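According to Swiss-Prot, the protein has these features:
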type: DOMAIN; residues: 14-229; note: domain 'ABC transporter'
type: BINDING; residues: GLY46, PRO47, ASN48, GLY49, ALA50, GLY51, LYS52, SER53; note: ATP binding site
Amino acid sequence: MSDTSLTHCSEVLLTARNLCADRGGRRVLEGIDLSIGAGEVVTIIGPNGAGKSTLLKVLLGVEPYSEGQVIRKANLCVGYVPQRMPVDAILPMTVQRMLRLAKEVDETAMLAVLEETGVAHVLHAPLQGLSGGEFQRVLLARAMLRNPQLLVLDEPVQGVDYSGEVALYQLIGALRKRHGCGVLLVSHDLHMVMRDTDRVVCLNRHICCTGTPDHVSGHPEFARLFGDQALQTLALYQHHHHSCTHHMPVDVAIDPQEQA
């Protein structure tokens, strides 16, 4: 099963071809074919242990793969929001200081992106004192500071309450529309993300099924992995699908702690 569905008007940002990865003598990714275009939202779903986070890190170039190809647009700039980022309680750090760790940070741009993500009020606050929603928005602001062509998010609503989840997904959608960046998202929140997703990739070490939410909702592999209740939830959403290579290193900054 491959996922290379792009509309003719979409510039390809990143492509995986027959991608395989092994960890500890075990194959964790098998024959992945995947492309994402400019302005497109692609959501990767799958059970625990399906290889979702591994796939993201392989695509970003921070973990190795065993076979296949990863092809990125020349000079592709990526903003990355990790699944988790440990905060050292012994060494307090403010939001401003963390954002200043990025290369060539412009103070005006920093304030603007914090305003855009709704957390300008925490500029001088310690990271340890932020709520779950505030912390995720700060990580999103850090990613957007790079003016990315591709925004990659690994379970971005962890530690966020229900109302915060809704608001955060709405913010991600607004950033995509405003900046025109592609979005590659890993999520378990089927009832949240499917409404605004262009394509769904159902992963369980290999791509089980892929396509629009409407297409995936009718696929037997989706029902087998997630059950009839999830299928019915996904089918509730009406979807409107909208919508060419260089081997180059990706321009993405990921802290060593985030790769653990």
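The backbone N, Cα and C atoms fix where each Cβ goes, and this holds for glycine too.
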Cβ-Cβ neighbours of SER53 (ATP binding site) (radius 10 Å): 15
Binding-site residues listed as GLY46, GLY49, least Cβ neighbours within 10 Å: GLY49
Stretch-averaged pLDDT - the domain 'ABC transporter' (14-229): 90
Residues close to ATP site centre defined by GLY46, PRO47, ASN48, GLY49, ALA50, GLY51, LYS52, SER53, Cβ within 8 Å: LEU203, ASN204, ARG205
Cβ atoms near GLY51 (ATP binding site) (within 10 Å, other residues, all chains): 21
Among PRO47, ASN48, ALA50, the one of these binding-site residues whose Cβ has the fewest neighbouring Cβ atoms within 10 Å: ASN48
